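Trainee: Below you will find the structure I want to go over with you.
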């Protein structure tokens, strides 16, 4: 992620089905990069339900569920001089006779260990919550909190970095639960109009600034011109970031969206897209494209044309095509 975190010098057991990889079909996966991982990450990949995505530019063929929900994704590595730090989930699975569509974008900073861990564990943690089927909103909040607690407790293995998240769970093609921390965003097209489903957790907003300052932190535009928590991080909520744990929040905003005939499609994307494109622009660009993978590719291509230098990850979910 370009510009979110001020980079510093060197001195300073679930049983779920496998997810899609960044390159190829929704049923495949590939190992990330060529860097040696901490042992804890190797253990995660072999023991948990969701393998890591590729760091390469990639795409996924559109897939359709039994409830006529289709999805496709497209990922582009940025031009910031570091490895891809965006990860995604886009898959269907069955739980208690219900079909679940699981979709997420995890936009990392200061390395990709935290988003990789989230890809492997966050949905499993949500679905393992005992109250998931009776109170999905609280289950999602509980899982976000417990996942972040684990990440912070294992910062020595997972590293100093962090990640934003936007997640969507589609239940039987009828209900969708959207949650986020940070500035990765979900936007729905409803009768042709764009409606933002998530909240951009930026440090300069009144509520976030007050919370940060109450916890002993501060918000400043120095260095640079972007408001940052303690001069470091350009989002007020995120997973990880051990050095800022006292002043950051991992509490998600959660929203329930009943899927009715007015809901056409949803776009999930990292800020590499939203920095250069307004919500309605994104919806207008792809509302006539019925193939969700082609729509996701169109959005990332346009973001590149608008000189986005960040990693760009985009998932399009289309209903009842």
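All residue numbers here begin at 1 and follow the chain in the order shown.
Glycine residues also receive a Cβ, built from the backbone N, Cα and C atoms like all the rest.
Not my notes, these are from Swiss-Prot:
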BINDING   107, 108  Mn(2+) 1 binding site
BINDING   107, 271, 310  Mn(2+) 2 binding site
COMPBIAS  9-31  compositional bias 'Low complexity'
COMPBIAS  51-69  compositional bias 'Polar residues'
DOMAIN    70-319  domain 'PPM-type phosphatase'
REGION    1-36  region 'Disordered'
REGION    51-70  region 'Disordered'
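Tell me about the setting of these features in this model.
Mentor: DSSP assigns residue 107 (Mn(2+) 1 binding site) to a strand in the three-state reduction.
Cβ contacts within 10 Å of residue 271 (Mn(2+) 2 binding site), excluding its own Cβ and spanning all protein chains shown: 27.
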Trainee: Which Cβ among the binding-site residues (107, 310) has the fewest C-beta neighbours inside 10 Å?
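Mentor: Each of the binding-site residues 107, 310 was scored by Cβ atoms within 10 Å; lowest is 310.
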Trainee: Give the number of CB atoms, excluding that of residue 108 (Mn(2+) 1 binding site) itself, located within 10 Å of its CB.
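Mentor: So the Cβ neighbour count for residue 108 (Mn(2+) 1 binding site) comes to 32.
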Trainee: Restricting to the domain 'PPM-type phosphatase' (70-319), what is the model's mean pLDDT?
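Mentor: The answer is 95, the mean pLDDT of the model over that range.
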